[in-house]
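Just below is one structure, and these are the notes that go with it.
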Amino acid sequence: MPRPAPARRLPGLLLLLWPLLLLPSAAPDPVARPGFRRLETRGPGGSPGRRPSPAAPDGAPASGTSEPGRARGAGVCKSRPLDLVFIIDSSRSVRPLEFTKVKTFVSRIIDTLDIGPADTRVAVVNYASTVKIEFQLQAYTDKQSLKQAVGRITPLSTGTMSGLAIQTAMDEAFTVEAGAREPSSNIPKVAIIVTDGRPQDQVNEVAARAQASGIELYAVGVDRADMASLKMMASEPLEEHVFYVETYGVIEKLSSRFQETFCALDPCVLGTHQCQHVCISDGEGKHHCECSQGYTLNADKKTCSALDRCALNTHGCEHICVNDRSGSYHCECYEGYTLNEDRKTCSAQDKCALGTHGCQHICVNDRTGSHHCECYEGYTLNADKKTCSVRDKCALGSHGCQHICVSDGAASYHCDCYPGYTLNEDKKTCSATEEARRLVSTEDACGCEATLAFQDKVSSYLQRLNTKLDDILEKLKINEYGQIHR
C-alpha cells in the first residue's frame, strides 16, 4: 500500500488562536440565508427537479437511483477518462457516521467510473486544520483496491482549511510525478471538494489559480456549508458545479448527478450519429461510421455506396456481370444463351426448340447460340432468310432428262419424250417407237412424203407441249407468290 504523504501543519500563530476560532456561534438555518439555494432540489443544469428520496440502508441502492457500477440508461453512457481528486473535509464538525457517509459517496462515484491506467485515475486529499494526501493518482489501478483504500481513511482534527487543501491538491496531487497525465493527453483534471463548514482561510485566489492551471472544481456543501465560499471555489457555470444537501444522510444521492456529469453519451445508442449503415462507438462519446458488406464509405464519412463488384474482376461470370443496388451482383448471358444452375456459366439456348425462330421449313441451331433457316429439297431460301420458294430443277439443267424436263408443283420434276419416242425404265432416256423407226427408214418413193408427214406431226406435238409448259409455269408463279405473301 502506498505510503501516505505527511500532513501539512499550520504556523504556530494560527495554532495559538485556534481555540478562539472554535467558539460556538449562532448558525442560522442555511435555507434562510440570502442567496443560499438547496441544490439537491434542482435537476441537472439547475432545472427544477425532485428532492432526494430518504436514505436507504447502507449497501442497498436508494429508491430512484441506479445500482453501483451500472450507468443509468446502461449502454448509452460510458465514463470519460479523468484525473479525479476528491478533497474531503474531515474536521471535528463531521461526525464519524457522517464521515462514513462521505466515504460511501466517494465509493459510489468510483462505482460509476471505469478505473485503470488508461481510464480514470483517482486520488484522495483529506483535510481539516492539516492536509493529508491519502493516496495519489498512480496508487490504484483497479476499482476494488481503490474502494478498499477509501474505506480505510480516518478523520483528521479540527479546522476547515479548504484553501490549503486546494493548494495541496494542485501542487502535489495533480502532477505527472503523482500520476496525472501530461497536458498533451487532453485528459480532464477534476477536483470534487466536500465540506460542511465555512473555510478558515482564503479560497477565492487559490481556487482561481487552480482553475487557471486547468483543474475543473466541483463544490459540494453539506448542512452549514457557506454558499458564497462554495461559489468562490467552484468553476463556471456555477449551476453545474455547485451542489448542496441538507444532511450527510443524503449526500450519496449526488453520485448519480456526477455520473451524468462524467458520462460520455454514446451517439450510436442515442441515434444521433447520422451513419447510413453502421455506427461504431469509440468511447468518450466519439464514434465512426462503417458500411455493410458490399459497400464503401463515402467522403462524408457517413453515407455508403455500393462497391462495383464487377469492376473487381472477382465475380466469376462467364459472360456479363451486373451490379445490384444491394451492393452485390449477378451474372447474365449473351443473347442466345441461358444461365446455368451455378448462376455463373452460360449454355447456348435451343432457339429452334423454343418455336420462336420463324423458319418456314427447317430451323438449325448454331454453336454460337444462334440459329439459321433452311428449306426442304427442291426449295430455295428467300432473301428474308426465313421463307422458302420452289426451285425450278428443269431450269437448272441438272435434271438428266434426255428429251424433255417437266417441272411439277412440288418442287420436283419428271422426264418426257418427243413424239414417236417412249420413256425408258430409267425414267430419263427415250427410245423411238416401232412406227417412228419404220417411217424414218423407208426408201420407197413415198419416203419423202412420209418424212414430211412425220415432221408435221412432231411439230404439232411440240406446239402442244410448249402450250402445256406455259400453263405449268404460270401455275408455279401463282403458287410461289401465294407462299411468299402467306
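The backbone N, Cα and C atoms fix where each Cβ goes, glycine too.
Feature annotations, courtesy of Swiss-Prot:
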type	residues	note
SIGNAL	1-28	signal peptide
REGION	32-75	region 'Disordered'
COMPBIAS	49-64	compositional bias 'Low complexity'
DOMAIN	83-258	domain 'VWFA'
MOD_RES	Arg198	omega-N-methylarginine
DOMAIN	264-305	domain 'EGF-like 1'
DOMAIN	306-347	domain 'EGF-like 2'
DOMAIN	348-389	domain 'EGF-like 3'
DOMAIN	390-431	domain 'EGF-like 4'
MOD_RES	Ser441	phosphoserine
MOD_RES	Thr442	phosphothreonine
COILED	456-480	coiled coil
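Outside the domain 'EGF-like 2' (306-347) by six or more residues, the chain places 292-296, 368-370 with a CB less than 8 A from a CB of the stretch.
Looking only at the domain 'EGF-like 3' (348-389), the predicted model's pLDDT averages out at 85. Per DSSP, the secondary structure of the domain 'EGF-like 2' (306-347) breaks down as 0 helix, 14 strand, 28 coil. When DSSP labels each residue, the domain 'EGF-like 1' (264-305) comes out as 4 helix, 18 strand, 20 coil, counted as helix, strand and coil in that order.
The Cβ of the residue listed as 'omega-N-methylarginine' lies under 8 Å from the Cβ of Thr160, Arg224, Ala225, Asp226, Ser229, each on the same chain and at least six residues away in sequence.
Under DSSP, the residues of the domain 'EGF-like 4' (390-431) split into helix, strand and coil as follows: 4 helix, 14 strand, 24 coil.
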